[in-house]
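Residues annotated as signal peptide in TrEMBL: 1-23. Taken from TrEMBL, the feature transmembrane segment applies to 232-252, 264-283, 335-355, 367-387, 399-417, 460-480, 523-545. If you look up TrEMBL, you'll see 289-413, 407-544 marked as domain 'EXPERA'.
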Amino acid sequence: MALVHTNVLLQALSSFTGVAVKAYNDLEKPNQELTGFLLQASTPLDILNMGSCKGLFVNMENFFDPKFDYDCTNVKDDTFFTRGNEPYIRPFGWKRIALKVLDKYPDGNAWLGTNGWRSHSVAGEWPVSYHGTSMFNAKSIIKSNYEAGPRKWYGRGIYSTWDINEAATRYSKIFTCKQTGKRYQVLLQNRINPKMRKVCDRDKYWLIEVPEGTSREEEKAIVEHSIRPYGILLKEETCVFLFSLTALGVLYTMNNVPAFQEPVVILEIGVAVLVAVFLLVYLATRYNPPKDPLFYEFSFTCVIDLTSALEYDGFTSGFMEFYQKMGEPYLGTPYAIMMCYWDGIVHFILYLMLINRMSNRQQYRTLGLFWAGSLCANMIVFVPGIVVGKYGSEMRPAFWLNVPFLLVPIWGAVSLFSRPRDMPLVGASKAVLDCPLDILNRYVTEYEPYLKDPVGFPKVMMLLLLFHALPMLGSFAYGLCTPGCTWMLDRTVFFAGAILQCQWSHIGASLHSRTAEIYRIPITTLVPVLLLNLLYAVGPVLLALRCKREPDYFLSIAPVGQTNNEKKLS
């Protein structure tokens, strides 16, 4: 039985070549224009020499060798393997579709080594390497470099690596099967001639050098003598994100089973469900774990928050009645409702984007910093606001489910900051803290009475603005006036996420129908108050965009005659 359906194999080849690849037997009469590009027992690297074309054909029987296929999806061991006296990291978690290469080359089969399980090298065999870039784009690699970045200094030619994790994480091709909708990663597994390769400065990379001006015939000869693909590796990506939708089933079950509605039981089930979701994510991604798996966990809670907000506003029912009474009754406050909308919509979209970027091996640090700032501000206001507000005496066991969501974004922010680079409301803050100045008290009474709401969230938010936002704004003013402040590139993104979340919840709660009328923004001052708060929300976002779009001003520059490395060592 074939490891992978023919359609998946053809689309894998298409992802490498950049053009449609069809099985030769599928068509009685191949298009005359494409006949010359028929692949019969040909290495995919031959595509380098085919020029531009609209499609390719492959003879499946002559191209693949099913008896050497191997399924490593659920295989894992700690044995250290070598091939050609170099480390060999077996493709655990992948399916290898063997190419028909036996007796293909005039120098025999010694380059493949001996068949069967073995951990050691044998005489004459070549080391194993993995290649993850589209072979259609490999033509541009030969013409220039692998891609922009440090490796462009290594030379002109074809790059590969012995580390499959490096290839999979950064350079694997990803495609979606048209027939099933499933997503697959694809790599080439090669043998590389140790006499022809160059070891790059980063020793994980090997280069087969192709000199400038090499003809197509010479180019093909170099490739065939230097690097030989013998397998296509495929891995089906698991849609872990769907786990988040199971939150609706959990809520519906708890809402209809009285035994699950006791305060302590709610806490126990909440902990058990979060642990179960984490384990499911781990099991589904254990052979290719995401760098930040907690994003999957948070997407689960987003569904709960959105359901809570919709139910309080009367858009849905039957899911959260038990939790409103016995879990966290303060979620019915206007501020918490707007916070849940933000978490259920904005954070949910952020998680989608972050998970998508992780799946596609794209950088996500900047987006992660925006998320970290938003969620930190969310929880730093929410948790202390519960304690100091009128609900502080009514806290139930479910309150403690918020603690991990207070600590994790702080840890996430520290982690993201440590990775290498991908009119202020001061018066209102003092008025909330009972400043005796009459003008500030008048501002709260006549413009933003919500700041006096006894629920506690406005007070904590104003403390956050006074002791966090105000110093940050001062530092940003300095950064805008002083070239070379590299910290501006990250902190402005983090700050933008925090302020945008706070202002959304604050403005929404000030206008929400569940807010007592005496605390809502008066109609007579609605326009100036909204404009002021919107300006405060949008300003940090515009500042972050300015820093990201024109970063040169904020980058430190080494003195003339001194390299950046020398600057770091000095």
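Backbone N, Cα and C define each Cβ position, glycine as well.
Remember, it's a predicted structure, so these values are computed and weren't measured experimentally.
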Can we call the transmembrane segment (399-417) and the transmembrane segment (335-355) in contact, meaning three or more C-beta pairs below 8 angstroms at a sequence separation of 6+?
no
Given the transmembrane segment (460-480), which of the listed stretches 264-283, 335-355, 367-387, 523-545 has the most Cβ pairs that are under 8 Å apart from it?
367-387
Please work out the mean pLDDT for the residues of the domain 'EXPERA' (407-544).
80
Spatial neighbours of the transmembrane segment (523-545) far in sequence, C-beta under 8 Å, 6+ residues away:
370, 423-425, 446-448, 476, 492-493, 495-496, 499-500, 503-504, 506-507, 510
